[in-house]
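Going by Swiss-Prot, these are the annotated features:
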COILED    533-593  coiled coil
COMPBIAS  14-56  compositional bias 'Acidic residues'
COMPBIAS  567-581  compositional bias 'Basic and acidic residues'
COMPBIAS  582-596  compositional bias 'Basic residues'
COMPBIAS  608-619  compositional bias 'Acidic residues'
COMPBIAS  674-686  compositional bias 'Basic and acidic residues'
COMPBIAS  927-938  compositional bias 'Polar residues'
DOMAIN    785-862  domain 'RRM 2'
REPEAT    126-157  repeat 'HAT 2'
REPEAT    163-199  repeat 'HAT 3'
REPEAT    304-336  repeat 'HAT 5'
REPEAT    339-371  repeat 'HAT 6'
REPEAT    467-500  repeat 'HAT 8'
Amino acid sequence: MAATGNEEQTLLPDIEEEAEGMEREMESEDDEEEGMGVEHSEEEDEEDTSEDERENEAEIQRLEEQLSINAFDYNCHVDLIKLLRQEGKLHRLRKARQKMSELFPLTEEIWLDWLKDEIRITEDESDREKVYELFERAIKDYVCPEIWLEYVQYSIGGMGAQGGIERVRSIFERALTAVGLHMTKGASIWEAYREFEIVILSTVQPPPGTVPSQEQQELLSAQLERIHTLFRRQLAVPLMDMEGTYAEYSDWADDGVPETVTHQYRRALQQMEKGKPYEEALLVSEPPKLAEYQSYIDFEIKEGDPARVQIIFERALAENCLVPDLWIKYTTYLDRQLKIKDLVLSAHERAVRNCPWTMGLWKSYLLALERHGADHQTVKDVFEKALNAGFIQATDYVEIWQSYLDYLRRRVDFSKEWSRELDELRAAFSRSLEYLKQDVEERFSESGDLSCTLMQIWARIEALHCKNMQKARELWDSIMTKGNAKYANMWLEYYNLERSYGDAAHCRKALHRAVQCTSDYPEHVCDVLLNFERVEGSLEDWDAAVQKTETKLNRVCEQRARVAEKEALHARQEEEKAEQRRKVKADKKAQKKGQKANRTGDKRKAEDDDEEEWGEEAELPSKRLRGEDDFDSTVTEELMETESGLFGRRAPPARKTEPPGFRKNQQGAPEPQRQPHDMPKEQRKDENCVFVSNLTFNMEDPEGKLRTLFQGCGTIQQVRPVFTAKGTFRGYCYVQFEDRLAVPEALKMDRQEVDGRPMYVSPCVDKNKNPDFKVFKYKTSMEKHKIFISGLPYSATKETLEDLCKEHGTIRAIRIVTNRSGKSKGLAYVEFEDEAQASQAVLKMDGTMLENFTLSVAISNPPGRRMKDEAAPSRFLGAAMPRQLQGARGKGRTQISLLPRSLYRQSTPDAKAENGTISAPHATVTDGETSLDTQTKSLSNEDFARMLLKK
């Protein structure tokens, strides 16, 4: 210690001179900045009333007002800080940064800007201490080599103060511990440390030609040993450009590099070569590089060096701070492997600051606090913060309450009849039930604890530890009144509690109530009651139990028989409807074949045969169900000419003007005109073909245009556009490839805009051969990694949404919902890399404004789509009738119904509504006749006659 003091006294004059020189340089820079500031302030005074300043001030006030409403708006904080820094409002800028740092961990860029601004205005030693405190806060958020390098460089500027050199060395050592193992950036800290010590060495060396004293020689030897030690330590760490460091040490060391150092260097070099592929993968990949970091982490865990595992985790989290799974993996590793209190608790605290919506991180934090002996108030404060974190599921609140109650239970000494900890535990149980009932149900419309898990545990604690069966029974009575009395497992749980800690009378009472109320597994409950009476009961108890169970089981059998009868009736009705549909379809097919036989000419016949084989009419219904797009209610005349039953039966053939290109043969029939590239039917393969639809009807040369569009997918055998008899393009076609491998590439062009409309591309499948084939490619269930945005301006584009959402995470896909004409509906789906990013986007974007439109953002959970047979019933019987009533061109024929008007009305005035409609009996049409299907039987002509006579 004395040597250290003498060293500082010897070095102080030289250090003070260097410090004074640095201060003079800083003062000159400050003078220049002040001069620039004066000129700038004069310009500001001259342009004080400029429009830009007024706009900026108005924007600042708007941002501050928005933050007063929602303090957790991250983007608003960033915009406010950027604007205040631009305007040079230092006092307000400092307050804005301080407020943001209290709510969020700050990024490396924000911290560096803040630190540089504070360093620039530092004037005296007290201000330097404030900057030191700011650095200490900055290094706690993330492990950033740049911030550590800025920290050590700033500390060098204060080494002239009392104890300054030791302070600099202390900060350097902490920096090496934090980032010295960083394979690509750690070398900068090592080199800065060595350069600092070499500068110190130059100050302790005696002037040339003088004989150093013993004290000077000791100082010189100690300083040389420090530099040797730094070289040896660095060469033992796998870092990039190790060869250069080794060569530098070889030149610097007078006696050469020791063998032990060379051995450590070679071993570190081998380790560096193992990790080099992972570093190169990180170098060439795009942020946030999560997959590459995951591979790197797995490699380091397999290698088994805890320090290197820690640094790679920290590097990954610096770029993926909003990935809860990565934080969970890191904290779990620290809990199970390192178990260092300060390191573990710091990681848990940073985890919940970055991902506060993740319940699992809060739960792990509470366990870590208890594991490392944190005081009760600290655990309680962390739990209260967790309740205000804003979880996305009701069950998350149940789990965090469960973890906290477990902690409180472990604090209680149940050997005492009364304790303050026991009262606190009971109060916490009561508060948890109240919290779930009020706060959670108000937000999620459910408590999240349908099985009353918390109450069950409370009852078991009262029975087991407190010997208070009366309280346990009260709790179970409350559990059963919350809709759990029909479940056998709930009654058996209560029975087991009474069996363990109660008496036989209450066991018998519980089982009798269970037999009376259970509806899911009554046989099991009855068996438990009979077995109980075999062991515990008298003859009278046995007779009562047998009578009760027989009565219950007989009633259950009757109920099941009625249900089975209803199901059988429903199955028969469905089978009859299916048979009727098959019959109607067969009649239509026969009628269609008859129409074909009566047609004159071979050309029309060939065209119809081609269309039937390619399955175009079978494809159209599936295309109608694509995407979230609604089908236009007004169907164009061209689409209504389809020959299948999609939009109605084809109208009877009428005389038509023959389109251009038709010429009759000697018998008067038109000659067929095959397309130039049309191929025989037997050569067509559906697996090599795609169906293209929703094209504009006035497309010129559709074959040539589509051939150009799809030529990049593979070699095209044929493009077959479909035309009406008049020669009008129907808006859909088939593209046949030579190789089936081209089909997936063609399907990727689905929804591509062509002539202002989204082009639909789907597999070519014959629905007659594959009736269950579904074209709808988007999920109709909840997708937690995808968000649904409504309320968008119709002018919003994919680029607009990408700019809006990219700051919340990695975007995988953006889909704007459009109608068939390609116009936006103001709805969009944005798919993120993971659930955490989507949840963060919902929290940050919901309720924000875009071009004066208020956005509504939620997790994607589209409603299930109804199939044809599941369509909601209409208000009137006519709406449920087959489409043959509308004819080939919609409602071209008369709409007069021959059904009596009294039967055409709704069945009952109080019929239940479903999705905005009222159920009514189904009407069916067979061969032009309408009949009414009721739940009892169909009405005959005699029934209609009797009904008319009653009037």
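From the backbone N, Cα and C atoms, a Cβ is placed for every residue, glycine too.
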Seg_contact(the repeat 'HAT 5' (304-336), the repeat 'HAT 3' (163-199)) with at least 3 CB pairs under 8 angstroms, min sep 6: yes
Beyond the flanks of the repeat 'HAT 8' (467-500) by 6 or more, those residues with Cβ under 8 Å of it: 450-452, 455-456, 458-460, 506-507, 510-511, 513-514, 517-522, 524-525, 528
Per-residue pLDDT averaged over the coiled coil (533-593), given as an integer: 93
DSSP-assigned states of the repeat 'HAT 5' (304-336) in counts, ordered helix, strand, coil: 27 helix, 0 strand, 6 coil
